[in-house]
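K.L.:
According to TrEMBL:
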DOMAIN    63-107  domain 'PHD-type'
DOMAIN    112-174  domain 'PWWP'
DOMAIN    246-296  domain 'AWS'
DOMAIN    298-415  domain 'SET'
DOMAIN    422-438  domain 'Post-SET'
Amino acid sequence: TASLWPRHRKGSRLVRCVRCPVAYHATDLCMAAGCVVLSNNSIICPNHFTPRRGVKNHEHVNVSWCFVCTEGGSLLCCESCPAAFHRECLKMEMPKGSWYCNDCKAGKKPRFKDILWVKVGRYRWWPAEVSHPKTIPENIQRMKHDVGEFPVHFFGSNDYLWTYQARVFPYMDVDANSKEKMGKGVDATYKKALEEAAVRFRELQAEKELRQLQEDRKNDRKPPPYKHIKVNRPIGKVQIFTADLSEIPRCNCKATDESPCGMDSECINRMLLYECHPQVCPAGERCLNQAFSKRQYSQVEIFRTLSRGWGLRCGHDIKKGQFVSEYVGEVIDEEECRSRIRHAQENDICNFYMLTLDKDRIIDAGPKGNEARFMNHCCQPNCETQKWTVSGDTRVGLFSLVDVAAGTELTFNYNLECLGNGKTVCKCGAPNCSGFLGVRPKGRGHGKRKKKVVVAKEREDECFSCGDGGQMVSCKRPGCPKVYHADCLNLTKRPAGQWLFI
């Protein structure tokens with residue numbers, strides 16, 4: 001069977017590998033970097049790369065940290081790319097024999113214009129862009145290279161290199177927003193490389209998103225199917241509670257008030273997040289605190305965003321504190337929730353719509369729900385979730401945090417209430433973006449600034465030359481945090497006595 005990556009493009013011509021079943025669409029957007037083109041419909045794919053003995057740039061190298069939690073330690077290393085993971089982070093047993101990461105098992109390869117982290121000799125991982133062999137200087141084209149190798153153009157230094165999959169890994173959104181690698185002591189060329197890579201990455205992302213949007217509009221693409229429901233549906237043994245009228249709290253509002261039980265009233269039920277009941281509330285039919293029961297939702301529209309799939313925007317102006325919509329779906333217990341997450345992970349389903357209702361129940365708006373399921377996460381949202389008691393049961397509503405103009409995308413902070421996401425890159429673009437879903441947004445600082453206390457770091461954890469961890473030689477000059485591998489200093493053994501880096 002032909003292996004297609006990234007996804008099928010109807011009507012596109014395919015080029016096939018003459019040595020195995022792999023095939024790609026005949027475009028630079030799909031074809032893996034490192035392919036050798038034999039004719040209009042024939043290639044040799046990068047899977048047939050054979051490293052040459054004694055060639056340093058052909059040695060497979062893995063990172064010294066876990067791709068999930070970024071910590072070091074005992075790692076499970078992919079045998080096809082630099083990826084490494086803690087067995088615990090992947091929640092799996094130690095495999096017997098060879099092991100490959102999910103991307104490599106799926107046949108994912110670097111493509112032209114990808115931004116990558118590249119390893120060269122003893123240098124630290126350096127950002128570079130995959131170049132097309134036709135666009136590089138002639139002297140670089142003439143350099144010896146094999147099937148599976150592709151040219152990369154380094155940011156900062158403008159150098160070129162032929163490399164392959166086992167010495168590169170993808171540059172991510174979080175890298176473009178990270179300031180951690182810009183610390184003191186960073187070489188000017190490397191700093192320039194990081195800045196250039198971040199700018200170029202954002203440019204390419206914008207191009208890709210615009211292309212995807214145009215393709216979706218051309219094909220009149222619609223949101224993935226789901227069953228629309230108006231109220232929560234219990235699954236299995238889960239119960240929906242209904243209180244007796246005598247148990248529903250009665251407020252002190254009157255039918256003669258200007259806006260009885262309204263947003264600006266002093267309704268005790270509204271303050272305590274209880275919805276009034278029409279047969280109990282003294283305001284009767286004039287009560288304005290029955291938005292859940294009457295489904296008094298704001299007018300919204302599902303639309304395709306540039307970078308975050310489908311989203312939800314308002315069709316009219318929304319005032320601060322206004323009820324936008326209830327979050328409805330199937331109400332499941334923890335056991336069913338874990339079963340659904342496990343099924344999603346086994347079938348590469350990456351969109352989750354689960355939200356905690358209480359300690360025993362979860363709302364899953366994936367298979368069944370309403371328009372609220374399309375609301376995206378944002379680290380600086382314009383809406384929030386509130387848990388209200390309606391006729392004796394807990395319901396989740398989305399309320400505006402600020403005045404929202406018509407046509408604005410509606411968002412809320414998923415926090416840790418949404419289940420199943422794990423550590424997923426956040427693409428909200430907010431100034432205080434944390435970089436990942438489920439991670440607390442960065443503080444923006446308000447009022448008088450406290451005096452910053454700087455705690456000097458005794459020693460760096462990574463080699464100042466190559467950026468990797470391991471056995472280090474540390475400089476003994478007072479206040480100098482630099483550490484190096486003995487190999488990176490061309491030392492055959494660790495120096496005895498006091499050692500200073502000049």
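Every residue gets a Cβ built from N, Cα and C, even glycine.
All annotation found in TrEMBL is predicted automatically rather than curated by experts.
Please go over these features one by one and say how buried each is and what sits next to it.
P.N.:
Averaged across the domain 'PWWP' (112-174), pLDDT for the predicted model comes to 93.
The helix, strand and coil residue counts that DSSP assigns across the domain 'AWS' (246-296) are 13 helix, 1 strand, 37 coil.
Break the domain 'SET' (298-415) down by DSSP state and the numbers are 17 helix, 55 strand, 46 coil.
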K.L.:
When secondary structure is assigned with DSSP, how many helix, strand and coil residues does the domain 'PHD-type' (63-107) contain?
P.N.:
4 helix, 4 strand, 37 coil
K.L.:
Pull the DSSP breakdown for the domain 'PWWP' (112-174) and write it out as helix, strand, coil residue counts.
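P.N.:
Result for the domain 'PWWP' (112-174), in helix, strand, coil order: 12 helix, 21 strand, 30 coil.
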